[in-house]
Amino acid sequence: MGLPWYRVHTVVLNDPGRLLSVHIMHTALVAGWAGSMALYELAVFDPSDPVLDPMWRQGMFVIPFMTRLGITNSWGGWGIAGGTVTNPGLWSYEGVAGAHIAFSGLCFLAAIWHWVYWDLEVFYDERTGKPSLDLPKIFGIHLFLSGVACFGFGAFHVTGLYGPGIWVSDPYGLTGKVQPIKPTWGAEGFDPFVPGGIASHHIAAGTLGILAGLFHLSVRPPQRLYKGLRMGNIETVLSSSIAAVFFAAFVVAGTMWYGSATTPIELFGPTRYQWDQGYFQQEIYRRVSAGLAENQSLSETWSKIPEKLAFYDYIGNNPAKGGLFRAGSMDNGDGIAVGWLGHPIFRDNEGRELFVRRMPTFFETFPIILVDGDGIVRADVPFRRAESKYSVEQVGVTVAFYGGELNGVSYSDPATVKKYARRAQLGEIFELDRATLKSDGVFRSSPRGWFTFGHASFALLFFFGHIWHGARTLFRDVFAGIDPDLDAQVEFGAFQKLGDPTTRRQGA
């Protein structure tokens, strides 16, 4: 036919059998990728330390999505929360991956069958004998079926009525687990961080989809609307489908980047805003203050801070610190976290407690400044070797550790104090193993960052695709010179021009 690469899809423009075939093949590719990617991730995933080396630090992308839907165990005998599992059952990580690959194979065979047997009776209008698809009716069928699936997911899977429930975390990502969810029907259900809204919204949206599907199956569109919106043209379907996809992609990019009940930090890592707002730091200080109010020592209170909570309060886990095009997992960047050294408390020679000003998200370097409780600068580490009235040496800064591996240890040596002040810029201080993975020390983003970037980028591209195909279908006769009422199967590389009966036509 001599079609350019960007026009090859016109071969299925008015060939319903092969249009169906290529869509089944697309489903096969998507399911096959998901299953294969899951098996690859399971082959490289190390489940031994769910606190300091969780899935998101290891760059896992599909495992978190399986986990949030209720899959927590592996046929390898491990569970996502640590420990061993004796009876993981059919729906383990490997079971889900295998089901996707098997489904992919069946779709592959179905696609081949429909490509070979494309000329089916069902695709012909019995009144005219010409190939025809009743697109409004097909829309109704799809809307009804997707409504059933949506309702079923919300009413059965999420609620635990027939299914495991979904992953639910506390606000600080410490005690998350899979559990059934009760639908939330009040205004609080619209809070993106309330899991009950997931159940209620799927039930409501599914009900609406079922009713809308039945409506479109039983009511025909008016002729003017049918012609005005080009409801008989398959490119109208393409345009509106792209609109649905780009809208969904924009929404999930937002829920992933800003955080929501659907994207728990235990599975996808913390958001950048939790670092920007000192979210975990505030909770840590709240717990410490509560302990001190009960007459516990600093050492006791800091020792009770969960290592998991302290690890969230480290800038290396901020998804905005990794460059978009730095390949690899977070572990390939700053290394594998081995242990929390403890919380450093700095004091000057007058006994004032000093706080290291933390590095903002979008800085690669930042001056090391120590301020007192009133925010007054008391010490710093100058960029140049220079005399400074605020220097660590002149101010006599010391550091003492509470909690963690260095609990009770203090240092007054200026070089050591500066080293820990520099590290305290980055939040809580952790020992990091860079040797195992040959980590380069340059921060990487988490799957939260990749997912957001990918979906926002494709949403933008698909937005332009929607405009393009929408314009083409609305103004097809103007743009292409193709008769909008053309229903013969023609070879679209040799165009049938509007008003030109001499243009070569070839029946399919």
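Using N, Cα and C of the backbone, Cβ positions are placed for all residues, glycine too.
Residues or ranges marked as transmembrane segment in Swiss-Prot (evidence: sequence analysis): 21-36 (among others).
According to Swiss-Prot, the feature transmembrane segment maps to 101-115 (among others). Only residues 6 or more beyond the boundaries of the transmembrane segment (101-115), in the same chain, are considered here, and those with a CB under 8 A from a CB of the stretch are 17-18, 20-22, 24-25, 27-29, 31-32, 35-36, 39.
According to Swiss-Prot, the feature transmembrane segment maps to 140-156 (among others).
What Swiss-Prot lists as transmembrane segment is 203-218 (among others). For the transmembrane segment (203-218), the residues of the chain that approach it from at least six positions outside its boundaries are 136-137, 139-155, 183, judged by C-beta separation under 8 angstroms.
Residues or ranges marked as transmembrane segment in Swiss-Prot (evidence: sequence analysis): 237-252 (among others).
Look at Swiss-Prot and you will find 457-472 (among others) tagged as transmembrane segment, backed by sequence analysis. When Cβ-Cβ distances below 8 Å are used as the criterion, the transmembrane segment (457-472) is approached by residues 235-236, 238-240, 242-243, 245-247, 249-250, 253, 479-480 of the same chain, each at least six residues removed from its ends.
Long-range contacts of the transmembrane segment (21-36) within the same chain, counting only residues at least 6 positions beyond its ends with a Cβ under 8 Å from a Cβ of the stretch, are 12, 62, 96-101, 103-105, 107-108, 110-112, 114-115, 118.
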